[in-house]
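Okay, so here's the structure we're looking at.
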Amino acid sequence: MATKLQDENTPCLAATPSEPRPTVLVFDSGVGGLSVYDEIRRLLPDLHYIYAFDNVAFPYGEKSETFIVERVVEIVTAVQQRYPLSLAVIACNTASTVSLPALREKFAFPVVGVVPAIKPAARLTANGVVGLLATRATVKRPYTHELIARFANECQIAMLGSAELVELAEAKLHGDSVSLEELRRILRPWLRMPEPPDTVVLGCTHFPLLRDELLQVLPEGTRLVDSGAAIARRTAWLLEHEAPDAKSTDANIAYCMAMTPGAEQLLPVLQRYGFETLEKLPV
């Protein structure tokens, strides 16, 4: 049986569409960006999608800003050298907060970032308590506090930074079950509040992958808000108004930075998302 798993020197085996389509790169340090890609694909199903994830340097939340900027620019450059891009989505909150200026300076195509959905959450809350669930890096960054001051200064913001949730989301996509008891332990600071958040911002693209489990643990009626739909709408607008005419007839493809057993285990998941082939990107 022919395998769809390939290294960088093997030609793509997947059937290719006949009509040229705009090429969109979705990038994350791990698989969390698939939640953003899924929203974009629902709105724009007929694009040529490339998903790239940095399984060598994952997770980014513990890396320095200088490292993240240099690494993201290097990876996007490597993809651009293989496929002329119409647009890139940096589907990682940590990378978005630090790398967008460098990317926009280097590349002519639009680059879309991800920011915590604090503004819509502040509008939705009924009790005035908004939870921000993110990585520790996102919780600490000045940009996050600027968003809160600008859009949610009348709300009580309960921030919870967790790297463990990122690992749980990755493990779920690898086929592991998610421990609700572990989730309760992570969310205990909120669950013990006299008035817990009624609206929770999923401030990491991994966290929508845990939506069902989070709703089982958080108080009944809690709203979960993320940026996926807004990013999809922004992508559609930019492709129509500002993106270069970079089109491809190739099939959707996923890139990892190292062909590890863990990356190989993701192939069935990537195929469910429409990526028939996984290759190692030479960087």
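Residue numbers in this text run from 1 along the chain shown.
Every residue gets a Cβ built from N, Cα and C, even glycine.
Annotation source Swiss-Prot lists active site, proton donor/acceptor at C92 (among others), citing sequence analysis. Its Cβ taken as reference, C92 (active site, proton donor/acceptor) is surrounded by 32 other Cβ atoms within 10 Å in the chains shown.
Residues annotated as active site, proton donor/acceptor in Swiss-Prot, with sequence analysis given as evidence: C204 (among others). For C204 (active site, proton donor/acceptor), the Cβ neighbour count at a 10 Å cut-off comes to 32, with all displayed protein chains included.
The substrate binding site annotation in Swiss-Prot covers D28, S29, Y60, G61, N93, T94, T205, H206 and rests on sequence analysis. Sequence-distant contacts (6 or more apart, same chain, Cβ under 8 Å) of H206 (substrate binding site) comprise G30, V31, G32, S35, L165, V166, A169, E170.
The substrate site, placed at the center of the C-beta atoms of D28, S29, Y60, G61, N93, T94, T205, H206, has further neighbours from the same chain whose C-beta lies within 8 angstroms: G30, G32, G33, P59, C92, A95, T135, V166, C204. Max Cα-Cα distance over the annotated substrate binders (D28, S29, Y60, G61, N93, T94, T205, H206) is 12 Å. A Cα-Cα distance of 6 Å separates N93 (substrate binding site) from C204 (active site, proton donor/acceptor). Cβ neighbour counts within 10 Å, taken over all protein chains shown, single out T205 as the most crowded of the binding-site residues T94, T205.
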